[in-house]
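Below: one structure, written as structure tokens.
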Amino acid sequence: MASLGLVIFILSCAIFQAFPISSSNNYGGLFPELYQFSCPQANEIVMSVLEEAIAKDPRMAASLLRLHFHDCFVQGCDASILLDKNSAFKSEKEAGPNKNSLRGYEVIDEIKAKLEQVCPHTVSCADILALAARDSVVLSGGPYWEVPLGRRDSKTANFNKANVNIPAPNSTIQNLINLFNKQGLNEQDLVALSGGHTIGMARCVSFKQRLYNQKGDNLPDVTLEKTYYNGLKSICPTSGGDNNISPLDVASPIRFDNTYFKLLLWGKGLLNSDEVLLTGNVKKTKELVKSYAKNEAIFFLHFAKSMVKMGNINPLTELKGEIRKNCRRIN
């Protein structure tokens with residue numbers, strides 16, 4: 001009998017025949033068919049591990065999507081985020097945006113171990129992150145896209161860039177645009193990829209400022225809808241509770257859909273970096289929020305395209321990197 005993941009995978013592909021997200025172009029030396037002969041079971045192995053992990057912990061889908069994002073924004077999509085510290089460098093895991101926040105490393109370890117058994121020294125950790133992000137979205141009800149493959153793994157990490165390049169939850173709209181532009185991503189990519197917040201949770205420390213001291217005047221953010229605001233206060237008190245969590249999409253926190261954008265229109269965006277897409281006085285981002293709230297198919301199409309684009313940020317190919325045996329350490 002077909003597994004649930006396979007059924008969702010097939011349905012997702014069928015839905016998107018109307019919007020084929022093809023990556024058959026050469027994306028800087030990356031190709032979707034790369035492991036077709038060298039490791040034909042790769043997709044199946046990734047999906048089977050994710051099915052089990054997400055069934056146990058539905059929040060894991062968002063965690064794996066975020067892991068890929070935080071990897072790509074620091075020296076490109078090279079799995080540097082997975083490296084533990086050693087004598088030569090500090091780990092990106094210890095950087096401000098990642099410490100006590102990023103999750104899912106053990107799921108990537110499990111996928112890697114299974115791939116190494118079947119196809120030793122073939123599938124890179126960077127490609128595993130890209131495939132896990134795509135399949136996590138599919139298993140949550142989101143779009144399918146072809147993932148260009150062939151990234152190599154870095155031999156170093158960049159703790160400092162991890163502290164600077166990853167957008168903070170209290171970012172202004174201009175700050176967000178600048179950080180995305182720095183990675184070759186535009187305003188449409190920013191809004192579409194922010195839609196990844198349709199799944200997952202955020203810690204109280206990420207939105208406390210909005211509840212109690214948005215502009216340094218000990219007052220809340222006026223854009224917050226009142227009932228939503230009162231609910232958040234019960235989760236996130238003025239002092240303590242920093243690690244308490246709240247859904248980024250309060251209406252459907254484990255389903256990948258366009259509700260996130262509808263909530264923004266209703267004053268129910270959790271993070272400042274979510275809300276400013278609508279209220280930050282940038283016409284393009286405001287229009288896209290409204291468009292995605294109205295039309296889920298357009299959001300899915302743009303999200304898939306932007307994920308392919310993000311997955312192509314400065315990949316290491318051929319001799320520039322390596323294929324790690326263990327994602328936590330260089331060979």
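Cβ coordinates come from backbone N, Cα and C, glycine included.
TrEMBL labels come from automatic prediction, so no person has curated them.
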Considering the candidates Cys119, Cys125, Cys204, which is the cysteine that TrEMBL reports in a disulfide bond with Cys327?
Cys125
Among Cys77, Cys119, Cys204, find the residue that TrEMBL gives as the disulfide bond partner of Cys39.
Cys119
Quick one: TrEMBL says Cys204 makes a disulfide with which of Cys77, Cys236?
Cys236
Excluding near sequence neighbours, so keeping only residues 6 or more apart in the same chain, what lies with its CB under 8 A of Cys204 (disulfide bond)?
Ile235, Cys236, Gly241, Asp242, Asn243, Asn244, Ile245, Ser246
Rounded to the nearest angstrom, how far is the Cα of His197 (heme b binding site) from the Cα of Asp257 (Ca(2+) 2 binding site)?
10
Between Cys327 (disulfide bond) and Asp78 (Ca(2+) 1 binding site), find the distance joining the two CA atoms and give it rounded to the nearest Å.
11
Among Cys72, Val74, Ser80, Cys119, which are recorded as recorded positions, the nearest neighbour of Arg66 (site 'Transition state stabilizer') by Cα
Cys72
Within 8 Å of the centroid of the Cβ atoms of Asp71, Val74, Gly76, Asp78, Ser80, Glu92, which other residues of that chain place their own Cβ, given that this set defines the recorded Ca(2+) 1 site?
His70, Cys72, Phe73, Gln75, Cys77, Ala79, Ile81, Ser154, Ala157, Asn158, Ala162
